[in-house]
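**Q** Have a look at this one.
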Amino acid sequence: SELAGTIIDGASLTFEVLDKVLGELGKVSRKIAVGIDNESGGTWTALNAYFRSGTTDVILPEVVPNTKALLYSGRKSSGPVATGAVAAFAYYMSNGNTLGVMFSVPFDYNWYSNWWDVKIYPGKRRADQGMYEDMYYGNPYRGDNGWYQKNLGYGLRMKGIMTSAGEAKMQIKISR
């Protein structure tokens, strides 16, 4: 059974799990496996995903309880097209705010790199071009195989990593 689009125990979110998610996508040159561990103390409800380029084969897991992790994936569009997997997605949090997540796995590494970021928006906000641009052109993290952490505000913090390859893995933990 496919892992992407499912919820697992937060403690079991590992790179090995993300490797399995990548494997589910088959032989695609630009793809990403995303795992986000909810240790926020609250419940998240999926709003939507916005793909600037590329697509996904799975639905965002609808409800992510505390101590659970969501698994998601994206890939370049099928066929001989020069696109990457570039998207933002949003979860409404039980604290009344929105968790926004952005990733960019480009087609052309001569000009672009992997980038990612996480941000909390006040109130309920769906992912769209504006949310993507806000994070991509803000102060995103490079997908360089390094761990990063920051204070997200609202009593929450983030720790995460994204790999540098065209078959990318992104692992994030949101905690108090």
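Cβ coordinates are placed from backbone N, Cα and C, and glycine is handled just like the others.
Features from Swiss-Prot:
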type	residues	note
BINDING	S53, V86, S104, P106, Y132, Y136, Y137	phosphocholine binding site
REGION	2-11	region 'Plays an important role in the hemolytic activity'
REGION	10-29	region 'N-terminal region'
REGION	104-119	region 'Trp-rich region, which is important for the binding to lipid membrane'
SITE	W111	site 'Important in the initial contact with the lipid membrane'
SITE	Y112	site 'Important in the initial contact with the lipid membrane'
SITE	R142	site 'Interacts with the lipid membrane'
**Q** Check the DSSP secondary structure of S53 (phosphocholine binding site), expressed as helix, strand or coil.
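**A** Reduced to three states, the DSSP call for S53 (phosphocholine binding site) is strand.
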**Q** Within 10 Å of each Cβ, count the other Cβ atoms and name the one among the recorded positions W111, Y112, Y132, Y137 with the highest count.
**A** Y132
**Q** Once S53, V86, S104, P106, Y132, Y136, Y137 are set aside, which residues in the chain still have Cβ within 8 Å of the Cβ centroid of the phosphocholine site?
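**A** Near the phosphocholine site, the remaining chain residues are R52, G84, A87, M102, F103, W115.
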**Q** Largest pairwise Cα distance, Å, within the listed phosphocholine binders S53, V86, S104, P106, Y132, Y136, Y137?
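**A** The phosphocholine-binding residues span at most 16 Å between Cα atoms.
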**Q** Which one is it, among the recorded positions S53, W111, Y112, Y132, that lies nearest to R142 (site 'Interacts with the lipid membrane') by Cα separation?
**A** Y112
**Q** Sequence order is fine: just name those binding-site residues in S104, P106, Y137 with a Cα within 10 angstroms of Y112 (site 'Important in the initial contact with the lipid membrane').
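**A** Correct set: S104, P106.
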**Q** List the Cα distance (Å, whole number) between S104 (phosphocholine binding site) and W111 (site 'Important in the initial contact with the lipid membrane').
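**A** Cα of S104 (phosphocholine binding site) to Cα of W111 (site 'Important in the initial contact with the lipid membrane') measures 13 Å after rounding.
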**Q** Which chain-mates of Y136 (phosphocholine binding site) that are at least 6 residues away have a CB under 8 A from its CB, listed by sequence?
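**A** Listed in sequence order: M102, S104, W115, D117.
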**Q** What is the interatomic distance between the Cα atoms of W111 (site 'Important in the initial contact with the lipid membrane') and V86 (phosphocholine binding site), given in whole Å?
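**A** Distance (Cα to Cα, whole Å): 15 Å.
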**Q** For Y112 (site 'Important in the initial contact with the lipid membrane'), which DSSP three-state class applies?
**A** coil
**Q** Taking the Cβ of V86 (phosphocholine binding site) as centre, how many other Cβ atoms lie within 10 Å?
**A** 24
**Q** Please list the DSSP helix, strand and coil residue counts for the region 'N-terminal region' (10-29).
**A** 13 helix, 0 strand, 7 coil
